[in-house]
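Listed in TrEMBL:
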- A:33-51: transmembrane segment (TRANSMEM)
- A:74-97: transmembrane segment (TRANSMEM)
- A:74-267: domain 'ABC transmembrane type-1' (DOMAIN)
- A:109-132: transmembrane segment (TRANSMEM)
- A:147-167: transmembrane segment (TRANSMEM)
- A:248-269: transmembrane segment (TRANSMEM)
Amino acid sequence: MSSDTLAKASAAPDVPEHADALRIVPHRRLGQWTAAAAVLVLLGLAVNSVLRNEAFRWDLVADYFTSDSVLRGLWLTLWLTAVVMVLGFALGTLLAAGRLSANPVLRSVSWGYVWLFRSIPILVQLLLWFNIGALYPQLFGVRTVNLFTPVAVAIIGLTLHEAAYAAEVVRGGILSVDRGQIEAAQALGLSRWRRWWRIVLPQAMRSIVPPAGNMLIGTLKGTSIVSVIAVQDLLFSVQLVYHRTYQVIPLLMVATVWYTVVTSLLGVGQHYVEKYYARGSERAR
Amino acid sequence: MSVMVDIRSVHKSFGSLEVLKGIDLSVRAGEVTVVLGPSGSGKSTLLRTINHLEKVDRGAITVDGVLVGYRRSGNRLYELPEREVLRRRTRIGFVFQNFNLFPHLTVLDNVIEAPVSALKRPRGEAVEAARRLLERVGLADRADAYPRQLSGGQQQRVAIARALALEPGLLLFDEPTSALDPELVGEVLDVIRDLALQGRTMIVVTHEIGFAREVADTVVFMDDGRIVEQGPPTEVLERPREERTRLFLSKVL
């Protein structure tokens, strides 16, 4: 603003003597109200049709929701997710350390791993492991098909896939830690191991947890892919039922609701984990 | 008095940029050496080579008669394994410009980290010592705070306590007040001055000319990777022999 217009503005009689008697009226946004109303109407219609459509058979959904076979499938989905996350992140952390190491061989091999396993679709990978017996009929004196059971294939395939992504998440977290932190730890004579566990990793966790939470939820749902190799997870369990009863939609609803429930619980858990790793990050009051 | 730090013809390059072009300097035990110089003169790099945070390309540095990063055999210096370098480094305290406190640890945990994990002191003993040190820097009541809850000046005082927790024979300060708001500089310099009065051997890289005049036994002026002149503050600061020193002082005073 030029000094000219400033002078004019201050000279204008807009502001009366008693400015504190003025009331401020917010600008009404008609468009926002219309959009909100339209969305609510559409949402109401959708909910109405879901509840009123008999074909959903909510009574059957309720019946099967806690049936033994569904709960067994849910249990497999849960422990498979946990095992894959733990092993995937363990391997991913090693790969991240490899990517950041001073050793060019470790760096290249880690890079190559991430490149390869991010390139192969998980479905293709599962099928490859499932048919590994065609390449190596015998391993360690045992028939390969006996070693690579469907569950073992599921764990191996999902873990190798997970590790490639986990490696990048962990690497990003480590790079987010200020270089001065490592120098300070070196200057204090802390061992390499101690620097890593006590100084770098806890700080890296702040940037690792949000994408890791994303991956956890993705993995939970992604395990449903193992139904193609006949592992009895949540999805496969409801499929077994509807192949028998032909109640496809109600049983898919059972799976849908369970996936949603578990995902929501994981979201709550993530909130507390984030809070824990944020300690010390608030500014002075 | 015995020599604490002996620096002999140290050269250091980053890529094609030579930042140290042959430095010779010796610091006697119990003395305070203040290193002055324009930014880019190599003074921080020199300080970092003393505790082997930066490797030298040529020359040698001993602290209390010991090579920090190397083992000498005849005419060769063999680089030591990291474990040994870390052990020798615990004899040297280092205070950074940006404090570099560990933000996820409380003040107390910051101070006891090195004694417990590097010196294998029992935790209870380390905590007691840490509380005494925090009292000395005037922060006994902030032991359970996290670094970010403290002012810059308080953080730097914690960083000094953390360096002292190793009971080092030598203290290195890399521009300890440069990241501070002007009104917080005094409290940090007071702590450093106290340490000087106790006869600690210290090398301080700083821009605080007043502090140098008051506390230094020796002032070293560096420019362009070389030591231009050195001597007692009354000489270097009041009657500099070199034109470059005079020019620098006229700019900062």
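For all residues, glycine too, the Cβ spot is worked out from N, Cα and C.
All annotation found in TrEMBL is predicted automatically rather than curated by experts.
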Stretch with greatest number of CB pairs under 8 Å, the transmembrane segment (A:74-97) reference, A:109-132, A:147-167, A:248-269 candidates: A:147-167
Positions on the same chain near the transmembrane segment (A:248-269), where near means CB under 8 A and six or more residues out: 55-58, 60-61, 64-65, 70, 74, 77-78, 213, 216-217, 220-221, 224, 234-235, 238-239, 241-242
Contact set, same chain, for the transmembrane segment (A:109-132): CB under 8 Å, 6 or more residues outside the stretch: 95-96, 98-99, 101, 144, 148, 150, 153-154, 156-158, 160-161, 163-165, 167-168, 222, 225-226, 228-229
